[in-house]
Structures are given as structure tokens and as C-alpha cells.
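Down below is the structure, laid out as C-alpha cells.
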Amino acid sequence: MECAVLSDPRNAAKIVRLHFHDCFVQGCDGSVLLDDTITLQGEKSATPNVDSLKGFEIIDSIKNKVESDCPGVVSCADILAIAARDSTVLVGGPDWEMYLGRKDSKTASYELANSNLPVPSEGILPIITKFLYQGLSVTDMVALSGSHTIGVARCQNYRARIYDQSTASESYLNDLRASCPAAGGDDDTVAPMDNVTPNLFDNSYYQILLRGEGLLNSDQEMYSSFLGVQTKQLVLQYAHDPLAFFHQFAQSMVAMGNITNAVDGGEVRRSCRFVNT
């Protein structure tokens, strides 16, 4: 992970997001890493993942090295969880201890990937509901959203906000509109979700929300929505107290990493992209 982050700091955000998208579908079981086959439809082409979920080759590289040293011992799900933690630390974020021993699922769920994962256009109540469904609290939701202090979003996911419903300043909006036209096209143009310190894990993301400059509607809603009484207070707290944010983020990542697959007995895959045969 150190090599990957040194080559491109955005790789840290890619791995954290991969872990998140894994845990919200069947638990933290490596299901998001599976490729489509004749007998299995994976999660990579689901709407929240297609064209935006990246970093698979990094996990492949780690898995290959681990398998060469101790084959059949360390699951892809554990590798992804550890890589997400190390990614956070490597860009300035907190460290945490986690349990290991996750198993890799033998299945994936395209349907659950489409229904369980929050999407950028959603309002605050649907997103809270999706976190509660996973056994995570509103506090967990606000803290985990802080991972958006690193990484980027695609024009397709913030176009509606910057043209139709933004609370941001005109100068900020004009900069975004210059590369993300209202008429469509340039869907894959990206912008940082934290436009102040995009490659540093800090609490700048929350300070941006106070200015109304959250890039995604789902982010800004936590502070601006009249329904977000509790989320607004948490945004204010983390904006002014980085240590409180770091402490809660670490706790919430442990909680999310403990979501298990209660149905699939699992295995330790030889390749993260395919179930064992």
C-alpha cells in the first residue's frame, strides 16, 4: 500500500471505498472483488460501482504476494480490510486495530449492491436508513462520510447539484461548471470532494460542508437538510475538533469491518477475482 499511495495518493481513497462497498453487500466478505463469470454475476457492474469503483489491481498485487508466502491462509476480505486501514494511515489519518479471520464469500449480489449502497443523489433519510440496516448508527454515518476528505467524484454524480440545488459560492460553482457541462457529456471528469486538502486525510471535508461547498448532494445534506438535526451537530463537532473525528472514524471503521456474511460459510480464495474450484 505504501508503494501504491506513493505512486498516486488517490489510491488510498480507492481502497477505502472498495472496503466500504464490500461491507455493505453481504458483509465484509470480498464479494465486491469477484469478476462476472458464466455462473456468477458480480457486483462490479451494479449502478453504484460501475465505472467508478477502482483499485482491484492493487488488491490483486497484494494477494499474489501473500499467497506466494503463505498460500490459502489470508482471505481477500482481510487483505482489503487491512489495506483500507493502512491507506488511511498513509495519507495522514488514524490507525485502528481490527479482528482478522474473515472468509471470502462464494457468491456476490448484484441486486444488493444496487439496493444497499448509498448513492450521491440521495437525501439524508434514505442514507441513514441504509446505515441503520447494516447495524451502524447516525454517528457512524457522519464519521464514515468523512472518508470523502480524500478521493474524487465523477461529474455525472455532482452535475445536478452544481446546476440545480447548490448552496455553494458562485466562484466555486463556476470552476466546477467549466469542466462539467449541464448539457451532459464529460461524465468521467472528476473533481476532489475536499477541494482544500484532497490528498490529506483531515477534517477539512466537514469545514467545506459548513461553507455549503459539499461536492455531493448526499454530503451537503448532512449539514444543510432541515431533517439532519443530529447530523448537523456532528458535522459541526468534527469541523472544529479533528481529534474527535479521528477517534470516531477509527471506531466506526472497526464497526463496519465487523459486518459479517451470516449466510455463506466462505473460503480463502486463491484469486480475489474468482471462487475456488
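Keep in mind that glycine also has a Cβ here, set from the backbone N, Cα and C atoms.
Because TrEMBL annotations are produced automatically, they should be read as predictions rather than curated entries.
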Among C28, C70, C76, TrEMBL lists the disulphide partner of C272 as C76
Candidates C3, C23; TrEMBL says the disulfide mate of C28 is C23
Among the candidates C70, C155, the one bonded to C180 through a disulphide according to TrEMBL is C155
Cβ contacts within 10 Å for V25 (Ca(2+) 1 binding site), all chains included, total 28
Cα of D29 (Ca(2+) 1 binding site) to Cα of P118 (substrate binding site), in Å and rounded, measures 19
Across the domain 'Plant heme peroxidase family profile' (1-276) the predicted model averages a pLDDT of 95
The rounded CA-CA distance in Å from G27 (Ca(2+) 1 binding site) to H21 (active site, proton acceptor) is 9
Same-chain residues at least 6 positions away from R17 (site 'Transition state stabilizer') with a Cβ under 8 Å from its Cβ, in sequence order, are L53, G55, S147, G151
